[in-house]
Amino acid sequence: MGHGTNRVEDMASPNNGTTAPATANARETIVEIHSVCLPPKKTALQKLKKRFGDVFFPDDPLERFRNQTWRNRMILGLQSLFPIFTWGSQYDLKLLRSDVVSGLTIASLAIPQGISYAKLANLPPIVGLYSSFVPPLIYSVLGSSKHLAVGPVSIASLVMGSMLSESVSPTQDSILYLKLAFTSTFFAGLFQASLGLLRLGFVIDFLSKATLIGFTAGAAVIVSLQQLKGLLGIVHFTGKMQFIPVMSSVFSHRSEWSWETILMGLGFLAILLTTRHISMRKPKLFWISAASPLASVVISTLLVFLIRNKTQAISFIGHLPKGLNPPSSNMLYFSGSHLALAIKTGIVTGILSLTEGIAVGRTFASLKNYQVNGNKEMMAIGFMNMAGSCTSCYVTTGSFSRSAVNYNAGAKTAVSNIVMASAVLVTLLFLMPLFYYTPNLILAAIILTAVIGLIDYQAAYKLWKVDKFDFFTCMCSFFGVLLVSVPLGLAIAVGVSVLKILLHVTRPNTLEFGNIQGTQIYQSVKRYREASRIPGFLILAVESPIYFANSTYLQERILRWTREEEARIKENNGSTLKCIIFDMTAVSSIDTNGIEALFELRRRLEKQSLQLVLVNPVGSVMEKLHKSKIIESLGLSGLYLTVGEAVADLSSTWKAHGQP
């Protein structure tokens, strides 16, 4: 192919993929130029179908159904909807033994945590146990993780408690508060299941790691400070969740501090923290930290029972009703002035619990080299919470602490959740009176021990070292939760994250390239010292799509590069600038605004006697450029496959025409 005759080749051309010498009569050397090809022709429907599939079905879920009989398709469909049928047929006694051990182990942790986290959400303690019974049973049938241990978690409990208590008092209007908690749980489940069914899981990606690190740390501090009520024995305590009101309440009620409560609380807190530290240092001793909460509950309950006649300073739980979860579908609140609050709380807690559950599930799946399907997990957690809202449960998800214990205890399948639920069932039916004298201080100590691990200062330090903007996002989230409120702190962090995305989109990075001597490699002159500018050329690249949001900026930025280069040449008495080479390798897409910006840029450069050359546009970009006729307007030497070919060919052309 001669240079300038067929600069753009159609993929259907018989010469596709070949190279040909581009020659000129006066040239001393032959420069080989590769054609820039158009992508294969596709109809608009084909493009839409592919794009739709890439966005919503990146895992191609229907692949396993192809070339199968109707019977096999029905079996595969059943396994897809209910993962329990995938592993259930191979289940044996050996697996059962492992699951029973791990299930009983996590039950010893789930029972005290369930009671504690319900108090954190300002709910009756029994609701925490209800939430450790029904949801795990549903998840064991619908979930795809083998190690995820389901139940109430601290962050979701805190968020629900703080958001609902801002408008409704959990003590003065306890029935309405309970209704809103169940309704929020229903909407959380509906939102989660909808994300899974509509394959919109990318929505939760707006909660970046930096946001979650700051949010969980801030929430952990607030949760810890809230536990001072139980550890100090304070009766009249603020219902607010901000740092200053909580600390003010602690010191303004010093007269209510109880030395008996403080002594016992700090003693058990020290025991729980010590056992946690031992298990972290020696993972084989995981059972020590797993058993210590229940053991502490038993011992503290026995102590309070023995000294009940000698002191009244230590508060305890009191009566807890026996029996299975009562139905609560009649308590769902679908009309009234607080419906918006229930929906908002449900969406926020739903996003947070979904993010935690999927992250935990994927963490342990990677350790055992199996796959956790994100959309299935969304549906499983969503349906679990919807069913839970009708059986007196509040928001539940996969807990990291319980899942870690489940993994270390040797769990093989989701049957460990069934065993845990069975242990909770026995507790609900027969053992509830034993918790009558369980002191509130032990619940506070259990929560404190659990949330301390959420303060990941090492991760925050790593953010500071790697990405200062991510660290700033983390701090916004942390101090927003600590000083403003839990939901607003989260909203501030998400807003900062979105701002970061907008900055990257609207103000993309632009680079000036130079040639690494002795090679055909062109790289940033600022990054590589050995990269040198080519006389007569200004080689630029942009690392982003070209959209309406950044097209004007990029046009002005390239013109500024041109002015600066001409000034530099004038200052150094260099060769006259003749050509702007725009490397489009990293431009993944372009819209009509971007194309118009290129037209305008070419026109403005022509007025300055400068040539614009495009290099290596990707398939979709090339197709749009071809249809817009911009390729024709650039001329015969306006499009190349590589920067090296553009420089060599244009230099040869200038030389042939006697230009310096």
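Yeah, the Cβs are placed from backbone N, Cα and C, and that goes for glycine too.
Because the structure is a prediction, the values reported are computed rather than measured.
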Pick from 1-22, 507-528: which stretch is listed in TrEMBL under region 'Disordered'? 1-22
Count up the helix, strand and coil residues in the domain 'STAS' (527-650) according to DSSP, in that order. 60 helix, 22 strand, 42 coil
When counting C-beta pairs under 8 angstroms to the transmembrane segment (441-459), the leading stretch of 147-164, 176-198, 210-237, 285-307, 331-354 is 210-237
Cβ contacts under 8 Å made by the transmembrane segment (176-198) with residues that lie 6+ beyond its boundaries: 56, 121-124, 127, 160, 164-165, 168-170, 204, 328, 331-334, 338-339, 341-343, 345-347, 349-351, 353-354, 374-390, 392-395
For the transmembrane segment (331-354), find every same-chain residue at least 6 residues outside the stretch whose CB is under 8 Å from a CB in it, and list them. 153, 155-156, 159-160, 163-164, 167-168, 176, 178-180, 182-192, 195, 203-204, 207, 378, 381-382, 385, 389-390, 395-397, 487, 490
Under 8 Å for C-beta pairs, could you tell me which stretch among 147-164, 210-237, 257-273, 285-307, 414-435 has the largest tally with the transmembrane segment (471-499)? 210-237
Within the same chain, where does the transmembrane segment (257-273) have neighbours whose Cβ lies under 8 angstroms from its own Cβ atoms, ignoring anything closer than 6 residues to its ends? I mean 6 or more beyond. 230-234, 289, 292-293, 296, 299-300, 303, 311, 313-315, 439, 441-442, 444-446, 448-449, 452
Is the transmembrane segment (147-164) packed against any residues at least 6 beyond its ends, judged by a Cβ distance under 8 Å, and which are they? 106, 110, 113-114, 117-118, 120-123, 128, 131-132, 135-136, 139, 170, 177, 180-181, 184, 215-216, 219-220, 222-223, 241, 341, 344-345, 348-349, 352-353, 356-357, 360-361, 364-365, 368, 384, 394-399, 402-403, 405-407, 411, 414, 416-417, 420, 447, 450-451, 454, 485-487
